[in-house]
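Participant: This is the structure, below, for whatever I ask next.
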Amino acid sequence: MSDFRYLSDLERIDSPDYVPTEQDILRARAPTTGIIEYPFNLDGVVFRMVDVGGQRSERRKWIHCFENVTSIIFLVALSEYDQILFESENENRMEESKALFKTIITYPWFQHSSVILFLNKKDLLEEKIMYSHLVDYFPEYDGPQRDAIAAREFILRMFVDLNPDSEKIIYSHFTCATDTENIRFVFAAVKDTILQSNLKEYNLV
């Protein structure tokens, strides 16, 4: 579990009859290795989501495995703007995410795939931005300090600007994975995006 909030719950978690709460489950994390498929039903529409590892050591396992996928959901942790890679102490995690995002959206195989950008952990960004200044890691940022809205809009623009195709729309959502209502709303919007993309592909709209 990667959240320091658990320190205040150690007694509860250490209890012999401990049963994880919904928030415990949502906050538990483990790195993805390999390729994992999650089929799920959303309002009567069945989706197949394929989760892939983002670490450098994992990419070679999946980057060549996909062709003509309907949509790409790319997840960025907003709170990682001041963090370094596990693989390299000299490289910024968000810079690495930007490089991977550009690689993916320019791959010929994904030319006709819709791209949905999840900017996650907006709640952690709101906390961190109060003491860790974005400009210290991205000198081109000229917005106000301690302003989470300005910071997340700047981060969004950094990723959107990597898109070389002016006709390709990057659909973006600011998310908090532990907020179930937020995620429910976002996935409803994602479903509409995917369905509209399919209709356009087959000239039905």
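Even glycines carry a Cβ here, placed using N, Cα and C.
Positions annotated as GTP binding site by TrEMBL: 26-32, 51-55, 120-123, A177. Taken from TrEMBL, the feature Mg(2+) binding site covers T32.
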Participant: Output the one of N120, D123 that, of all these binding-site residues, has the highest number of other Cβ atoms within 10 Å of its Cβ.
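Facilitator: Highest number of other Cβ atoms within 10 Å: N120.
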Participant: In which DSSP state, out of helix, strand and coil, do we find N120 (GTP binding site)?
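Facilitator: It is in a strand.
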